[in-house]
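Annotation source TrEMBL lists domain 'Neurotransmitter-gated ion-channel ligand-binding' at 5-208. Positions annotated as domain 'Neurotransmitter-gated ion-channel transmembrane' by TrEMBL: 216-421. The annotation transmembrane segment is assigned in TrEMBL to 209-230, 242-262, 274-297, 407-424.
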Amino acid sequence: MKTEHLLKVDDHDFTMRPAFGGPAIPVGVDVQVESLDSISEVDMDFTMTLYLRHYWKDDRLSFTSSTNKSMTFDGRLVKKIWVPDVFFVHSKRSFIHDTTTDNIMLRVFPDGHVLYSLRVTVTAACNMDFSRFPLDSQTCSLELESYAYTDEDLMLYWKSGDESLSIDDRISLSQFLIQKFHTTSRLAFYSSTGWYNRLYINFTLRRHIFFFLLQTYFPATLMVMLSWVSFWIDRRAVPARVSLGITTVLTMSTIITGVNASMPRVSYIKAVDIYLWVSFVFVFLSVLEYAAVNYLSTVQDRRERKMRERVRSQSLPCTCGISQTRTMTMLDGTYSEADTNSLAGYTEEPIVPEEVQADMHEVSDKPDHMVVHLSVSSESTTTKKKKSLRALNIIQNTHAIDKYSRMIFPGSYIFFNLIYWSVYC
């Protein structure tokens with residue numbers, strides 16, 4: 001006997017639900033999750049493959065059987081009978097697997113009970129909150145609902161309560177730890193069509209932090225620590241300190257850009273943004289610190305030079321009566337005093353009397369040159385002590401910022417880390 005004759009498919013109108021015009025037909029549902037394929041932060045969705053099973057009773061499909069055994073059919077019979085029109089709410093893409101044939105199974109019992117099972121892969125939206133990223137936990141849900149039948153025609157429910165949902169123990173994700181799967185149900189209201197039964201498959205995922213520690217937090221921390229090396233480099237080594245500061249700043253910018261490239265453009269601040277931008281500020285302040293040290297050193301050196309020139313100008317006329325004087329002979333009147341001070345290997349000569357100097361001027365046949373005698377007296381012990389103290393103060397002042405920075409920068413960064421990890425962990 002043909003299946004259509006055995007199940008009396010041609011004798012009934014299966015475009016209408018069972019017990020049409022009567023009470024709502026109960027349809028039980030259970031789900032077995034085969035795999036959780038992917039979680040996308042950029043698209044804010046997830047992909048899941050599952051076995052979706054429906055249970056209901058249709059008296060029109062009852063048949064007599066001496067063995068009381070069920071009959072199993074493939075997807076070809078599904079097109080000839082009534083089946084629940086369950087769909088996935090907020091789904092973006094979904095399909096029934098069709099390799100090697102349609103993955104659909106229909107099992108009919110003699111008393112009219114029906115089991116309808118299909119293997120589906122669905123991609124559904126998940127509203128994620130990244131305010132604590134990457135120290136976050138995400139809760140997503142897959143929602144099932146009848147498209148056409150309201151709660152007055154079809155009562156959709158979980159067949160065995162929380163046990164209606166089963167998952168494969170081998171399910172694992174690279175970035176997430178699956179914490180919990182559970183089921184819920186409630187009514188959904190549409191202003192145009194009415195109330196519908198809606199079933200929820202809820203699951204909670206916690207992100208693995210170790211990957212981001214290696215790829216984001218450790219490099220950022222190392223860049224901040226590398227920027228502190230400039231505090232121990234001589235302030236006169238301008239290329240070394242400037243290149244180190246610029247390198248760390250550019251590296252931090254690259255890290256920030258790489259993290260944000262794999263994330264959606266949300267309008268709020270993420271936890272990783274706070275850490276990276278505070279680290280960037282520390283690196284940037286280390287560059288500004290050297291700028292301040294260099295500027296203050298230049299100002300103090302200029303003041304020292306002016307004071308030294310003032311002392312020398314005051315000591316030049318008072319050379320009489322002072323022993324151990326030295327004279328420097330310069331052969332070009334265009335040389336300045338600073339140039340004479342910078343020359344090494346000058347000749348020492350005794351003081352020439354004025355009469356002899358007059359004779360020398362008269363005999364000289366090079367009027368475009370003149371002989372300049374500079375007598376520099378030996379400084380007294382008190383003046384030397386003052387200059388040494390002044391030089392010591394200048395050295396201490398120019399290195400004071402570096403000295404304090406060696407303590408303030410690491411201490412502040414450690415304090416920030418303690419607050420950050422205590423808040424987000």
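Think of each number as a place in line: the chain as shown, counted from 1.
Using N, Cα and C of the backbone, Cβ positions are placed for all residues, glycine too.
Long-range neighbours of the transmembrane segment (242-262) within the same chain, counting only residues 6 or more positions beyond its ends whose Cβ lies under 8 Å from a Cβ of the stretch, are 41-42, 216, 219-220, 223-224, 226-227, 229-230, 233, 272-273, 276-277, 279-280, 283-284, 286-287, 290. Tertiary neighbourhood of the transmembrane segment (274-297): same-chain residues 216-217, 220-221, 223-224, 227-228, 230-231, 235, 238, 241-242, 245-246, 248-249, 252-253, 255-256, 259, 397-399, 401-402, 405, 409, 412-413, 416, 420, selected by CB-CB distance under 8 Å and a gap of 6+ residues from either end.
Sequence-distant contacts of the transmembrane segment (407-424) (same chain, at least 6 residues past either end, Cβ-Cβ under 8 Å): 132, 135, 224, 228, 231, 271, 274-275, 278, 282, 285-286.
If one looks beyond the transmembrane segment (209-230) by at least 6 residues along the same chain, the residues whose Cβ comes under 8 Å of a Cβ in the stretch are 134-135, 175, 240-241, 244-245, 248, 251-252, 255, 259, 272, 275-276, 279, 282-283, 286-287, 289-290, 405-406, 409-410, 413.
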